[in-house]
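What follows is a single structure, written as structure tokens, with notes after it.
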Amino acid sequence: MEAADYEVLSVREQLFHERVRECIISTLLFATLYILCHIALTHFKKPAEFTTVDDEDATVNKIALELCTFTLAVALGAVLLLPFSIISNEVLLSLPRNYYIQWLNGSLIHGLWNLVFLFSNLSLIFLMPFAYFFTESEGFAGSRKGVLGRVYETVVMLMLLTLLVLGMVWVASAIVDNNKASRESLYDFWEYYLPYLYSCISFLGVLLLLVCTPLGLARMFSVTGKLLVKPRLLEDLEEQLYCSAFEEAALTRRICNPTSCWLHLDMELLHRQVLALQTQRVLLEKRRKASAWQRNLGYPLAMLCLLVLTGLSVLIVAIHILELLIDEAAMPRGMQDASLGQVSFSKLGSFGAVIQVILIFYLMVSSVVGFYSSPFFRSLRPRWHDTAMTQIIGNCVCLLVLSSALPVFSRTLGLTRFDLLGDFGRFNWLGNFYIVFLYNAGFAGLTTLCLVKTFTAAVRAELIRAFGLDRLPLPVSGFPRASRKSQHQ
């Protein structure tokens, strides 16, 4: 063999080893995410659904749980996708020739983006509908009972659903873009239909993030306030503890002596009031036992960090709106070649990249908080060891829609300059200036409105409660006027 042939074989062998190494790394990363998601779902599932007398139902629920675990792992991977890419680029910039990070390259990052896109399509279009129909199926009439009969019914239902969705997407494409080439392209299932359908789902996810994130940013202050110990601002905790203990003793006495010739007592209401008073007393005891550092330093620092992160997010979006009006390069776009380690995607270097990663995680957490705080999706909120299987499926679908739209959401708002890789950058609506501009303006306006309303209401309520005005029979805003009967009493 000639030297040229040996060189070609060496290049092919090196390329083969690189592909094997990327497959091993991707498998290890996904296995780690899968284990974490399985542990999480195990703590939320309802044990009664997996230990039933009917082994068939238990087997079906176990299979559906594994499909939900896969979907949740894909959702977590979509959340980590953009931060991992940004950090990898900065690591390659700082250590360009380090031997121990040679495995970290543009090919690996590009492959991870393609895998997340593929698994997101697979989960949303096939696995989650299959899991839902599988748990609800009972087998065809006249067929033998068993798991296999349920599988047959589920496959038929899934095929009918696929045909229905395919027809709706084809009609929508014909209405929106009345072009023969675009309609004929939908006949190519893998190349055009799935990316087009996922583009519609991603657009819905981005719109859902637009609604949930401002609401979540406003709710983050109250959620953090419940988890931390608030400082004592003109409050007498001893007096509140005595009042709570006195009210609890009075209600307990009513429950123990329910007979009364004057009043008809609602025992269920009394029990709920006792539980609420016990919870309030536990919180007051926690505040009383907290150290001065935890009470006077932890809570203000946490509120300050939330305020800084939220203000920084709105400021970056406002600057991005101005850039959209001036420079066309500020528009989100796709990048087919993942050339990492050449230039930083932040003007502040590594420090700016860390800020971008923190903001992306913060907005994702805020969007989840806002999603479960909204009145439309509040019923989907999972409960510890008391979440039904269909509710777990619904949560996994919603979380996957939110997380898979996070890279597009972050790039559209200008939180990062890292361009979208793979099929994430092929969405048609990303090139529409009016959609991107209105989206940025809507996010900045909604976030500012929610923050101003929530912050002023919270400060006003805390000041009124601290000065004791809520206990006075005064027409204070936010507190109902005391009735004449209670004033005479």
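Positions of Cβ are set from backbone N, Cα and C atoms, glycine also.
Long-range neighbours of the transmembrane segment (24-42) within the same chain, counting only residues 6 or more positions beyond its ends whose Cβ lies under 8 Å from a Cβ of the stretch, are 65, 68-70, 72-73, 76-77, 103, 108, 111-112, 115, 392. Residues or ranges marked as transmembrane segment by TrEMBL: 24-42 (among others).
TrEMBL lists 63-87 (among others) with the feature transmembrane segment.
Sequence annotations record features per position, and here TrEMBL assigns transmembrane segment to 107-134 (among others).
Annotation source TrEMBL lists transmembrane segment at 155-176 (among others).
According to TrEMBL, the feature transmembrane segment maps to 196-218 (among others).
According to TrEMBL, the feature transmembrane segment maps to 297-322 (among others). Counting same-chain residues at least six beyond the ends of the transmembrane segment (297-322), those with a Cβ under 8 angstroms from any Cβ of the stretch are 217, 220-221, 224-225, 228-231, 330, 355, 358-359, 362-363, 413-415, 437, 440-441, 443-444, 447-448, 451.
Counting only same-chain residues 6+ beyond the ends of the transmembrane segment (353-372), those with a CB under 8 A from a CB of the stretch are 79, 82-83, 86-87, 89-90, 208-209, 211-220, 223, 309, 312-313, 316, 344-346, 378, 380-381, 398-399, 402-403, 406, 409-410, 415-416. Residues or ranges marked as transmembrane segment in TrEMBL: 353-372 (among others).
Under the heading transmembrane segment, TrEMBL lists 392-409 (among others). Same-chain residues lying 6 or more positions outside the transmembrane segment (392-409) and placing a CB less than 8 Å from one of its CB atoms are 41, 44-45, 64-65, 68, 71-72, 74-76, 78-79, 81-82, 116, 120, 123-124, 128, 131-132, 135, 201-202, 204-206, 208-209, 212-213, 332, 360, 363-364, 367-368, 371, 377, 380, 382, 420, 424, 427, 430.
Annotated transmembrane segment per TrEMBL: 429-452 (among others), in sequence order. Remote same-chain residues near the transmembrane segment (429-452) are listed as 199, 203, 206, 210-211, 213-215, 217-218, 310, 313-314, 317-318, 320-321, 324-325, 331-334, 408, 412-414, 420 (criterion: CB distance under 8 Å, separation of at least six residues from the stretch ends).
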